[in-house]
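Marked as oxalate binding site by TrEMBL: Asn105, His110, Glu115. The Mn(2+) binding site annotation in TrEMBL covers His108, His110, Glu115, His154. TrEMBL lists Cys33-Cys48 with the feature disulfide bond. What TrEMBL lists as domain 'Cupin type-1' is 65-208. Annotation comment: TrEMBL describes 1-24 as signal peptide.
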Amino acid sequence: MAAAKLYLVVVMVVLGIISNPVSADPDLLQDVCVADPTSGVKMNGFACKPSFNASDFFFDGLAKPGLTNNTMGSKVTPANVEKIPGLNTLGVSLSRIDYAPGGLNPPHTHPRATEMVYVLYGVLDVGFITTANVLVSKSIKKGETFVFPRGLVHFQKNNGKDPAAVIAAFNSQLPGTQAISATLFTAAPPVPDNVLTMAFQISTKEVEKIKSKLAPKS
């Protein structure tokens with residue numbers, strides 16, 4: 001009798017694992033579910049539009065370089081479900097990232113996706129930091145790829161004298177991005193100064209200075 005109960009428990013656990021495969025986004029249950037961002041229905045993802053056409057699956061925003069004349073010298077152009085409604089429930093998206101000479105895509109994370117970059121041109125120094133605080137880094141050039149595991153802090157830096165660009169692929173329709181510095185120093189409501197001063201071992205004056213530098217430009 002005990003053996004039979006144990007067998008039943010094992011079967012239930014196995015069935016639970018099989019019926020809940022590990023993936024970045026939920027699996028689709030129909031051919032397409034084109035996102036309807038105007039829907040008042042709140043759900044994990046977007047409600048489906050009642051009708052769709054080819055434009056819901058099209059985006060030309062990655063065809064040309066993004067403007068990099070900003071503080072970081074880089075520009076991320078996303079091609080996710082917010083730009084391509086047809087990606088809803090499909091679990092994939094892309095971005096184009098352009099870097100001026102010396103440009104940086106600052107340390108950040110994607111809480112919902114692993115990222116793989118393919119270098120279109122230029123040379124980049126890239127890396128991610130493990131939860132054991134180990135830096136994994138490499139210099140990559142045109143035609144090469146590099147993977148950033150889901151949720152880990154990572155960056156890309158163009159240390160060359162020429163522009164660089166990559167196409168980034170994600171296993172989520174909306175991977176999300178949290179830039180470490182901006183998240184901590186420009187949150188609204190703000191992270192308390194006494195949290196930041198203790199965490200970074202800096203003064204309140206230095207915290208305010210960093211906040212002023214990172215504040216969105218109006």
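Cβ atoms are placed via backbone N, Cα and C, with glycine included.
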His110 (oxalate binding site) as reference: those recorded positions from Cys33, Cys48, His154 with C-alpha within 10 Å of it | His154
Comparing the Cα of His108 (Mn(2+) binding site) with the Cα atoms of the recorded positions Cys33, Cys48, Glu115, the shortest distance belongs to Glu115
Additional residues surrounding oxalate, by Cβ distance to the Asn105, His110, Glu115 centre under 8 Å | Ser95, His108, Thr109, Val117, Phe148, His154, Ala168, Phe170, Pro175, Thr177
Check: same-chain CB within 8 A of Mn(2+) site center, minus His108, His110, Glu115, His154 | Thr109, Phe128, Phe148, Leu152, Val153, Pro175, Thr177
Taking only the Cα atoms, work out how far His154 (Mn(2+) binding site) lies from Asn105 (oxalate binding site), in Å, as a whole number.
-> 9
Enter the number of other CB atoms within 10 angstroms of the CB of His110 (oxalate binding site).
-> 24
Near Glu115 (oxalate binding site), which residues of its chain come within a Cβ-Cβ distance under 8 Å, counting only those 6 or more away in sequence?
-> Val147, Phe148, Arg150, His154, Ala168, Ala169, Phe170, Pro175
Does Asn105 (oxalate binding site) have same-chain partners at least 6 apart in sequence with Cβ under 8 Å from its own Cβ, and which are they?
-> Met72, Ser74, Val76, Ile97, Tyr99, Phe155, Gln156, Lys157
Measuring CB to CB from Cys48 (disulfide bond), give everything in the same chain under 8 Å that is also at least six residues away in sequence.
-> Gln30, Val32, Cys33, Val34, Ala35, Asp36, Asn88
Counting Cβ atoms within 10 Å across all protein chains shown, which of the binding-site residues His108, His154 comes out on top?
-> His154
Can you give the mean pLDDT for the domain 'Cupin type-1' (65-208), rounded to a whole number?
-> 97
Residue distribution over DSSP helix, strand and coil in the domain 'Cupin type-1' (65-208) | 22 helix, 57 strand, 65 coil
Students should find that the Cβ of Cys33 (disulfide bond) has, within 10 Å, a number of other Cβ atoms equal to 20
